[in-house]
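*Asks:* Pasting the feature list from TrEMBL:
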DOMAIN    54-387  domain 'RCC1-like'
REPEAT    70-121  repeat 'RCC1'
REPEAT    122-175  repeat 'RCC1'
REPEAT    176-228  repeat 'RCC1'
REPEAT    232-285  repeat 'RCC1'
REPEAT    286-337  repeat 'RCC1'
REPEAT    338-403  repeat 'RCC1'
REPEAT    404-439  repeat 'RCC1'
Amino acid sequence: MSELSALDMCQKRAIFKPMTQHERELFKQHCGGSWKLVLRFIMAGEACCRREKSQAIAGHGHSIAVTTSGAVYTFGSNNSGQLGHGSLEEEWRPRIIRSLQGIKIIQAAAGAGRTMLVSDAGRVYAFGKDSFGEVEYGVQGSRFVTTPQMVESLKDIYIVQAAIGNFFTAVLSREGCVYTFSWGNEMKLGHQTEPNDIQPHVLAGPLENIPVVQIAAGYCYLLALACQPNGMSVYSVGCGLGGKLGHGSRTDEKYPRLIEQFQALKIQPVVVAAGAWHAAVVGKDGRVCTWGWGRYGCLGHGNEECESVPKVVEALSNVKAVHVATGDYTTFVVSDKGDVYSFGCGESSSLGHNTLTEGNNRHTNVLSPELVTSLKRTNERVAQISLTNSMYWNAHTFALTDSGKLYAFGAGDKGQLGTELAAQRSERGAPELVEIDLS
């Protein structure tokens, strides 16, 4: 089997679909039995597919939109240059980053005061606060970078995904290897470096020999969706407060540790999402699991209890999920029909349910999944949801449709919704179309 035909095979099948015994034997025969080499082909094929997909990121007061052609638009807060336009001025309308002309972007990540972009050539570009660690309340990031700059320390590694946590940054290579920056004291992420270390370090432990296909970063922890011969699995590492690591305790983990509960539930994870204090997974069969700190009902189990191991959201038993997104005590689920369900904290109108809490300008918290009827009325099939994942910013939410339309709602005080609000208004309760062509 040639490398081309091997890549063709990976591109023709779903990336998360376990290989058949026959396929495993073929890859062992022709790829030397190296699963990391196998993942190189899979990730390359997956990256090729993602180059043709648009993306919208609801960041920390600012927003990023990537078109199918790889162009990048940014808007919203810009106090650190995180919009990449060469200035510190806010933008209330989507504006293309012209300095990226000729560079095709396939993935974006947003943090507090900074932005990272990944190109189809495996290069990473960063701008905003000049830091890979804590940028909002730490001493790092005193220098602002107002236009995209290639991350030199990653130039020899082909990167396919970047994820920004509150104290660290993580990237994923085409070969399925995870690298982390910062937050290294006491080996909190598998290495003993200083917090201001700007060099990437391989995430030590079990994942050094197990290829990863997706990473998700929350508040002081990281989730990794890994590919093994018997199927997909999820590993977690970092701070265990609230049970968000999924191991049945609140103990911190210095090295990645397998979340064993999915085997007991007979769930094959295909999508992972890391909120600030809680996490979620979509299984191959469409079931949704949540765990962690259940404040405001963000786990969808009808209460505000913590869950220290993944638990199936029974209220979604009649829904086949294909996508999940998490924020600060908020969760969104997208079904195979393009319907959207949300639950958790309703502050800033970010759930899209439009039910005002008496006496203030917040929306009620939702303890169990509810259909977002305001999106249903758009007569569009939603493909992706993105919402702010931060404790320090009021949340806003994006809904990206199959047809490439982008709808926004929630907090908009910095222009992060892509449109100016009416006088005396700081948020929008109902989805509104953003004037941007992502197709």
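Numbers here mean position along the shown chain, with the first residue as 1.
The backbone N, Cα and C atoms fix where each Cβ goes, and this holds for glycine too.
Keep in mind the model is a prediction, meaning the values are calculated, not measured.
Help me see these features in their spatial surroundings.
*Replies:* Here the domain 'RCC1-like' (54-387) returns a mean pLDDT of 90 for the predicted model.
Counting residues per DSSP class in helix, strand and coil order gives 8 helix, 25 strand, 21 coil for the repeat 'RCC1' (232-285).
Sorting each residue of the repeat 'RCC1' (404-439) by its DSSP state yields 0 helix, 13 strand, 23 coil.
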*Asks:* Tally of helix, strand and coil residues over the repeat 'RCC1' (70-121) according to DSSP?
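*Replies:* For the repeat 'RCC1' (70-121), the helix, strand and coil counts are 3 helix, 24 strand, 25 coil.
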*Asks:* By DSSP assignment, list the helix, strand and coil residue numbers for the repeat 'RCC1' (286-337), in that order.
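*Replies:* The repeat 'RCC1' (286-337) comes out at 6 helix, 23 strand, 23 coil.
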*Asks:* Is the repeat 'RCC1' (404-439) packed against any residues at least 6 beyond its ends, judged by a Cβ distance under 8 Å, and which are they?
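*Replies:* Distant Cβ neighbours of the repeat 'RCC1' (404-439) are 54, 56, 58-59, 61-63, 65-68, 73, 75-77, 90-94, 348-350, 352, 354, 361, 363, 374-375, 378, 380, 387-388, 393-398.
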